[in-house]
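Q: Found this in Swiss-Prot, in case it helps:
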- 142-205: domain 'Ig-like C2-type 2' (DOMAIN)
- ASN84: N-linked glycosylation site (CARBOHYD)
- ASN178: N-linked glycosylation site (CARBOHYD)
- ASN211: N-linked glycosylation site (CARBOHYD)
- 22-245: topological domain 'Extracellular' (TOPO_DOM)
- 265-348: topological domain 'Cytoplasmic' (TOPO_DOM)
- 246-264: transmembrane segment (TRANSMEM)
Amino acid sequence: MSLMVVSMACVGFFLLQGAWPHEGVHRKPSLLAHPGRLVKSEETVILQCWSDVRFEHFLLHREGKFKDTLHLIGEHHDGVSKANFSIGPMMQDLAGTYRCYGSVTHSPYQLSAPSDPLDIVITGLYEKPSLSAQPGPTVLAGESVTLSCSSRSSYDMYHLSREGEAHECRFSAGPKVNGTFQADFPLGPATHGGTYRCFGSFRDSPYEWSNSSDPLLVSVIGNPSNSWPSPTEPSSKTGNPRHLHILIGTSVVIILFILLFFLLHRWCSNKKNAAVMDQESAGNRTANSEDSDEQDPQEVTYTQLNHCVFTQRKITRPSQRPKTPPTDIIVYAELPNAESRSKVVSCP
(Lines of atoms letter the chains of each structure in order from A and count residues from 1; the text may use other names and numbers.)
(Lines give C-alpha, C1' and ligand atoms only; values in the text may rest on other atoms or scores of the structure.)
Protein backbone atom coordinates (compact mmCIF):
# COMPACT_ATOMS: atom_id res chain seq x y z
CA MET A 1 0.00 0.00 0.00
CA SER A 2 1.43 3.35 -0.96
CA LEU A 3 1.66 6.19 1.54
CA MET A 4 -0.87 8.99 1.63
CA VAL A 5 1.16 12.15 2.08
CA VAL A 6 0.03 15.72 2.70
CA SER A 7 2.63 18.49 2.95
CA MET A 8 2.01 20.74 5.98
CA ALA A 9 4.83 23.24 5.40
CA CYS A 10 6.18 22.59 1.94
CA VAL A 11 4.98 22.59 -1.64
CA GLY A 12 4.59 19.48 -3.73
CA PHE A 13 5.89 15.96 -3.50
CA PHE A 14 6.56 13.05 -5.75
CA LEU A 15 7.52 9.42 -5.39
CA LEU A 16 11.16 8.72 -6.11
CA GLN A 17 11.87 5.80 -8.37
CA GLY A 18 15.05 4.57 -9.99
CA ALA A 19 18.60 4.36 -8.67
CA TRP A 20 19.36 5.41 -5.09
CA PRO A 21 21.52 8.57 -4.99
CA HIS A 22 24.93 8.87 -3.38
CA GLU A 23 24.72 9.39 0.44
CA GLY A 24 26.77 11.14 3.10
CA VAL A 25 27.86 14.29 1.28
CA HIS A 26 26.26 16.66 3.83
CA ARG A 27 25.67 16.59 7.59
CA LYS A 28 22.69 14.49 8.69
CA PRO A 29 19.34 16.19 9.42
CA SER A 30 17.02 15.46 12.36
CA LEU A 31 13.70 13.59 12.26
CA LEU A 32 10.87 14.20 14.75
CA ALA A 33 7.31 12.87 15.16
CA HIS A 34 4.38 15.12 16.14
CA PRO A 35 2.54 14.54 18.44
CA GLY A 36 4.58 11.38 19.09
CA ARG A 37 5.83 8.13 17.64
CA LEU A 38 3.00 6.05 19.18
CA VAL A 39 0.08 6.53 16.80
CA LYS A 40 -3.39 5.11 17.30
CA SER A 41 -4.99 3.26 14.45
CA GLU A 42 -6.64 5.60 11.88
CA GLU A 43 -4.89 8.69 13.25
CA THR A 44 -2.28 10.86 11.49
CA VAL A 45 1.30 11.64 12.46
CA ILE A 46 3.57 14.43 11.15
CA LEU A 47 7.20 13.49 10.53
CA GLN A 48 9.36 16.62 10.41
CA CYS A 49 12.80 16.51 8.80
CA TRP A 50 14.87 19.61 9.55
CA SER A 51 18.46 20.87 9.47
CA ASP A 52 20.51 24.04 9.89
CA VAL A 53 22.06 23.20 6.50
CA ARG A 54 20.18 24.92 3.68
CA PHE A 55 18.68 21.89 1.95
CA GLU A 56 16.29 22.51 -0.96
CA HIS A 57 14.93 18.97 -0.90
CA PHE A 58 14.16 16.37 1.77
CA LEU A 59 13.56 12.66 1.33
CA LEU A 60 11.73 10.36 3.76
CA HIS A 61 12.46 6.66 3.58
CA ARG A 62 10.96 3.71 5.41
CA GLU A 63 13.43 0.89 6.00
CA GLY A 64 12.69 -2.33 4.18
CA LYS A 65 10.38 -0.73 1.63
CA PHE A 66 12.28 1.17 -1.04
CA LYS A 67 9.13 2.18 -2.94
CA ASP A 68 7.94 4.18 0.08
CA THR A 69 10.62 6.87 -0.33
CA LEU A 70 9.02 10.32 -0.42
CA HIS A 71 10.34 13.69 -1.57
CA LEU A 72 9.40 17.20 -0.45
CA ILE A 73 10.69 20.67 -1.26
CA GLY A 74 12.21 22.27 1.81
CA GLU A 75 11.04 25.45 3.48
CA HIS A 76 13.50 27.95 5.01
CA HIS A 77 12.91 30.01 8.15
CA ASP A 78 15.43 31.67 10.50
CA GLY A 79 18.38 29.69 9.20
CA VAL A 80 16.53 26.37 9.41
CA SER A 81 15.29 24.30 6.48
CA LYS A 82 12.56 21.73 7.05
CA ALA A 83 9.88 19.60 5.48
CA ASN A 84 6.80 18.10 7.15
CA PHE A 85 5.62 14.68 5.98
CA SER A 86 2.05 13.81 6.97
CA ILE A 87 1.55 10.07 7.36
CA GLY A 88 -2.00 8.79 7.77
CA PRO A 89 -4.52 7.58 8.44
CA MET A 90 -2.28 5.18 10.32
CA MET A 91 -2.47 1.53 9.29
CA GLN A 92 -0.28 -1.49 9.92
CA ASP A 93 1.56 -1.08 6.60
CA LEU A 94 2.66 2.45 7.57
CA ALA A 95 4.31 1.45 10.84
CA GLY A 96 8.05 0.90 10.83
CA THR A 97 11.46 2.60 11.03
CA TYR A 98 11.91 5.89 9.16
CA ARG A 99 14.94 7.99 8.17
CA CYS A 100 15.22 11.23 6.24
CA TYR A 101 17.86 12.86 4.01
CA GLY A 102 18.59 16.33 2.65
CA SER A 103 19.91 17.47 -0.73
CA VAL A 104 20.64 20.70 -2.61
CA THR A 105 19.30 21.78 -6.01
CA HIS A 106 22.59 21.80 -7.94
CA SER A 107 23.35 18.18 -6.92
CA PRO A 108 20.04 16.38 -6.30
CA TYR A 109 21.67 12.94 -6.33
CA GLN A 110 24.12 13.77 -3.59
CA LEU A 111 22.29 13.24 -0.32
CA SER A 112 23.22 14.03 3.25
CA ALA A 113 23.99 11.37 5.79
CA PRO A 114 20.78 9.70 7.02
CA SER A 115 19.04 10.97 10.14
CA ASP A 116 18.87 8.84 13.24
CA PRO A 117 16.19 6.14 12.91
CA LEU A 118 12.68 6.88 14.19
CA ASP A 119 10.30 4.01 14.97
CA ILE A 120 6.63 4.71 14.25
CA VAL A 121 4.33 2.31 16.13
CA ILE A 122 0.64 1.75 15.55
CA THR A 123 -1.38 1.09 18.71
CA GLY A 124 -4.92 -0.01 19.50
CA LEU A 125 -4.87 -3.30 17.61
CA TYR A 126 -5.27 -5.76 20.50
CA GLU A 127 -6.77 -6.09 23.95
CA LYS A 128 -5.31 -3.74 26.52
CA PRO A 129 -3.24 -5.17 29.42
CA SER A 130 -3.48 -4.20 33.10
CA LEU A 131 -0.94 -2.08 34.98
CA SER A 132 -0.42 -2.16 38.75
CA ALA A 133 2.17 -0.91 41.23
CA GLN A 134 3.84 -2.73 44.08
CA PRO A 135 3.65 -1.96 46.98
CA GLY A 136 1.07 0.56 45.73
CA PRO A 137 0.51 3.69 43.62
CA THR A 138 1.24 5.96 46.61
CA VAL A 139 4.68 5.55 48.15
CA LEU A 140 7.09 7.37 50.41
CA ALA A 141 10.00 9.23 48.88
CA GLY A 142 12.91 6.81 48.47
CA GLU A 143 10.72 3.69 48.63
CA SER A 144 11.29 1.12 45.87
CA VAL A 145 8.49 0.70 43.32
CA THR A 146 7.79 -2.03 40.77
CA LEU A 147 5.19 -1.71 38.00
CA SER A 148 3.61 -4.94 36.72
CA CYS A 149 1.98 -5.20 33.28
CA SER A 150 -0.16 -8.31 32.77
CA SER A 151 -2.75 -9.74 30.39
CA ARG A 152 -4.58 -12.96 29.56
CA SER A 153 -3.40 -12.54 25.96
CA SER A 154 -0.14 -14.33 25.21
CA TYR A 155 1.91 -11.25 24.41
CA ASP A 156 5.62 -11.85 23.90
CA MET A 157 6.68 -8.35 24.93
CA TYR A 158 5.38 -5.66 27.25
CA HIS A 159 6.21 -1.97 26.81
CA LEU A 160 6.06 0.66 29.56
CA SER A 161 5.80 4.37 28.73
CA ARG A 162 5.78 7.42 30.95
CA GLU A 163 3.85 10.53 30.07
CA GLY A 164 6.23 13.15 28.69
CA GLU A 165 8.98 10.65 27.84
CA ALA A 166 10.05 10.07 24.23
CA HIS A 167 11.05 6.42 24.61
CA GLU A 168 9.69 3.33 26.27
CA CYS A 169 11.08 0.45 28.25
CA ARG A 170 10.32 -3.11 27.25
CA PHE A 171 10.53 -6.51 28.91
CA SER A 172 9.74 -10.03 27.76
CA ALA A 173 6.64 -11.59 29.24
CA GLY A 174 7.20 -14.21 31.90
CA PRO A 175 5.66 -17.68 32.06
CA LYS A 176 1.92 -17.95 32.37
CA VAL A 177 0.83 -17.79 36.02
CA ASN A 178 -2.82 -18.19 37.08
CA GLY A 179 -3.93 -17.70 33.49
CA THR A 180 -2.02 -14.43 32.90
CA PHE A 181 1.27 -13.37 31.32
CA GLN A 182 3.19 -10.66 33.15
CA ALA A 183 6.32 -8.49 33.01
CA ASP A 184 7.72 -6.55 35.97
CA PHE A 185 9.38 -3.14 35.58
CA PRO A 186 11.50 -2.22 38.64
CA LEU A 187 11.77 1.57 38.91
CA GLY A 188 13.95 1.70 42.00
CA PRO A 189 13.60 4.27 44.82
CA ALA A 190 10.79 6.74 44.12
CA THR A 191 11.67 10.43 44.16
CA HIS A 192 8.94 11.88 41.94
CA GLY A 193 5.60 10.63 40.64
CA GLY A 194 4.31 10.27 37.09
CA THR A 195 1.62 8.78 34.85
CA TYR A 196 2.41 5.41 33.27
CA ARG A 197 0.85 3.18 30.62
CA CYS A 198 1.81 -0.22 29.24
CA PHE A 199 1.25 -2.08 25.96
CA GLY A 200 1.58 -5.64 24.69
CA SER A 201 3.00 -6.88 21.37
CA PHE A 202 3.96 -10.04 19.52
CA ARG A 203 7.47 -10.95 18.44
CA ASP A 204 6.68 -11.22 14.72
CA SER A 205 5.09 -7.73 14.54
CA PRO A 206 7.15 -5.41 16.79
CA TYR A 207 5.56 -2.19 15.40
CA GLU A 208 1.98 -3.28 16.14
CA TRP A 209 0.93 -2.84 19.75
CA SER A 210 -2.18 -3.39 21.79
CA ASN A 211 -4.39 -0.70 23.24
CA SER A 212 -2.74 1.07 26.13
CA SER A 213 -3.56 0.07 29.67
CA ASP A 214 -5.51 2.43 31.84
CA PRO A 215 -3.21 5.22 33.03
CA LEU A 216 -1.60 4.63 36.41
CA LEU A 217 -0.70 7.67 38.47
CA VAL A 218 2.18 7.02 40.86
CA SER A 219 2.31 9.55 43.70
CA VAL A 220 5.25 10.15 46.02
CA ILE A 221 4.72 11.50 49.53
CA GLY A 222 7.33 14.11 50.37
CA ASN A 223 9.12 16.89 48.54
CA PRO A 224 12.05 15.21 46.73
CA SER A 225 14.68 17.38 45.08
CA ASN A 226 15.51 14.93 42.28
CA SER A 227 13.38 13.51 39.52
CA TRP A 228 12.40 9.86 39.41
CA PRO A 229 14.46 7.84 36.91
CA SER A 230 12.54 7.15 33.73
CA PRO A 231 11.75 3.49 32.89
CA THR A 232 14.34 3.59 30.09
CA GLU A 233 17.17 4.39 32.51
CA PRO A 234 18.79 2.26 35.23
CA SER A 235 17.28 2.78 38.65
CA SER A 236 20.69 3.19 40.27
CA LYS A 237 22.65 6.21 39.07
CA THR A 238 25.87 7.76 40.02
CA GLY A 239 25.88 11.15 41.66
CA ASN A 240 25.86 14.40 39.85
CA PRO A 241 29.36 14.94 38.38
CA ARG A 242 29.36 18.56 39.54
CA HIS A 243 28.50 17.53 43.11
CA LEU A 244 31.16 14.83 42.91
CA HIS A 245 33.78 17.39 41.87
CA ILE A 246 32.76 19.67 44.75
CA LEU A 247 33.02 16.76 47.20
CA ILE A 248 36.47 15.79 45.92
CA GLY A 249 37.69 19.40 46.07
CA THR A 250 36.44 19.83 49.64
CA SER A 251 38.16 16.60 50.70
CA VAL A 252 41.46 17.73 49.16
CA VAL A 253 41.28 21.10 50.96
CA ILE A 254 40.60 19.40 54.30
CA ILE A 255 43.51 16.99 53.82
CA LEU A 256 45.88 19.83 52.90
CA PHE A 257 44.77 21.84 55.94
CA ILE A 258 45.39 18.88 58.26
CA LEU A 259 48.83 18.30 56.71
CA LEU A 260 49.74 22.00 57.06
CA PHE A 261 48.61 22.00 60.69
CA PHE A 262 50.71 18.90 61.42
CA LEU A 263 53.83 20.40 59.81
CA LEU A 264 53.36 23.70 61.69
CA HIS A 265 52.89 21.88 64.99
CA ARG A 266 56.02 19.80 64.39
CA TRP A 267 58.07 22.89 63.48
CA CYS A 268 56.99 24.69 66.67
CA SER A 269 57.82 21.61 68.77
CA ASN A 270 61.29 21.31 67.26
CA LYS A 271 61.97 25.00 67.87
CA LYS A 272 60.86 24.73 71.50
CA ASN A 273 63.00 21.62 72.09
CA ALA A 274 66.05 23.36 70.60
CA ALA A 275 65.63 26.31 73.02
CA VAL A 276 65.35 23.95 76.00
CA MET A 277 68.48 22.07 74.92
CA ASP A 278 70.43 25.34 74.63
CA GLN A 279 69.41 26.33 78.17
CA GLU A 280 70.42 22.92 79.53
CA SER A 281 73.82 23.11 77.79
CA ALA A 282 74.53 26.55 79.31
CA GLY A 283 73.55 25.25 82.77
CA ASN A 284 75.80 22.23 82.40
CA ARG A 285 78.77 24.43 81.44
CA THR A 286 78.24 26.65 84.54
CA ALA A 287 77.95 23.64 86.82
CA ASN A 288 81.13 22.09 85.41
CA SER A 289 83.12 25.29 86.02
CA GLU A 290 81.90 25.46 89.63
CA ASP A 291 82.81 21.81 90.21
CA SER A 292 86.31 22.46 88.92
CA ASP A 293 86.74 25.30 91.38
CA GLU A 294 85.50 23.18 94.27
CA GLN A 295 87.76 20.25 93.40
CA ASP A 296 90.95 22.47 93.57
CA PRO A 297 91.31 23.40 97.26
CA GLN A 298 94.82 24.77 96.61
CA GLU A 299 96.03 23.35 99.92
CA VAL A 300 99.77 23.26 100.74
CA THR A 301 101.44 20.97 103.26
CA TYR A 302 104.36 22.49 105.04
CA THR A 303 107.05 21.08 107.30
CA GLN A 304 108.40 23.50 109.84
CA LEU A 305 111.64 22.99 111.63
CA ASN A 306 111.26 24.96 114.83
CA HIS A 307 114.13 24.78 117.20
CA CYS A 308 115.41 21.95 115.02
CA VAL A 309 112.26 19.86 115.66
CA PHE A 310 110.26 18.78 112.63
CA THR A 311 106.50 19.35 112.86
CA GLN A 312 103.83 19.13 110.19
CA ARG A 313 100.82 21.39 109.83
CA LYS A 314 98.32 22.48 107.17
CA ILE A 315 98.52 26.06 106.14
CA THR A 316 95.72 27.68 104.20
CA ARG A 317 96.24 29.66 101.04
CA PRO A 318 97.79 33.12 101.45
CA SER A 319 94.45 34.86 101.07
CA GLN A 320 93.17 33.05 104.17
CA ARG A 321 96.27 33.65 106.43
CA PRO A 322 96.19 36.30 109.17
CA LYS A 323 97.18 39.74 108.09
CA THR A 324 99.78 40.05 110.96
CA PRO A 325 103.05 38.57 109.70
CA PRO A 326 104.90 36.07 111.90
CA THR A 327 107.91 37.26 113.90
CA ASP A 328 110.04 34.28 112.94
CA ILE A 329 111.89 34.16 109.71
CA ILE A 330 110.82 31.09 107.73
CA VAL A 331 112.54 29.66 104.70
CA TYR A 332 110.52 27.44 102.33
CA ALA A 333 111.76 24.66 100.13
CA GLU A 334 109.54 22.73 97.65
CA LEU A 335 109.41 18.96 97.84
CA PRO A 336 108.80 16.92 94.66
CA ASN A 337 105.43 15.50 95.81
CA ALA A 338 102.76 16.47 93.20
CA GLU A 339 99.74 16.19 95.45
CA SER A 340 101.07 18.06 98.49
CA ARG A 341 103.78 20.66 98.87
CA SER A 342 106.40 20.33 101.70
CA LYS A 343 108.41 23.25 102.94
CA VAL A 344 111.68 22.95 104.91
CA VAL A 345 111.99 25.50 107.59
CA SER A 346 115.42 26.32 108.95
CA CYS A 347 115.89 27.47 112.46
CA PRO A 348 117.72 30.70 113.00
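Indices start at 1 and increase along the chain as displayed.
Every residue gets a Cβ built from N, Cα and C, even glycine.
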Q: Cα of ASN211 (N-linked glycosylation site) to Cα of ASN178 (N-linked glycosylation site): how many Å, rounded?
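A: With the alpha carbons as reference points, the distance is 22 Å.
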Q: These are the glycosylation sites: ASN84, ASN178, ASN211. Which one scores highest on other Cβ atoms within 10 Å?
A: ASN84
Q: Could you tell me which three-state DSSP class ASN211 (N-linked glycosylation site) falls into?
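A: For ASN211 (N-linked glycosylation site) - judged by DSSP and reduced to three states - the answer is coil.
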Q: State the mean pLDDT for the topological domain 'Extracellular' (22-245).
A: 86
Q: Roughly how many Å lie between the Cα atoms of ASN84 (N-linked glycosylation site) and ASN178 (N-linked glycosylation site), rounded to a whole value?
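A: Between the alpha carbons of ASN84 (N-linked glycosylation site) and ASN178 (N-linked glycosylation site) there are 48 Å.
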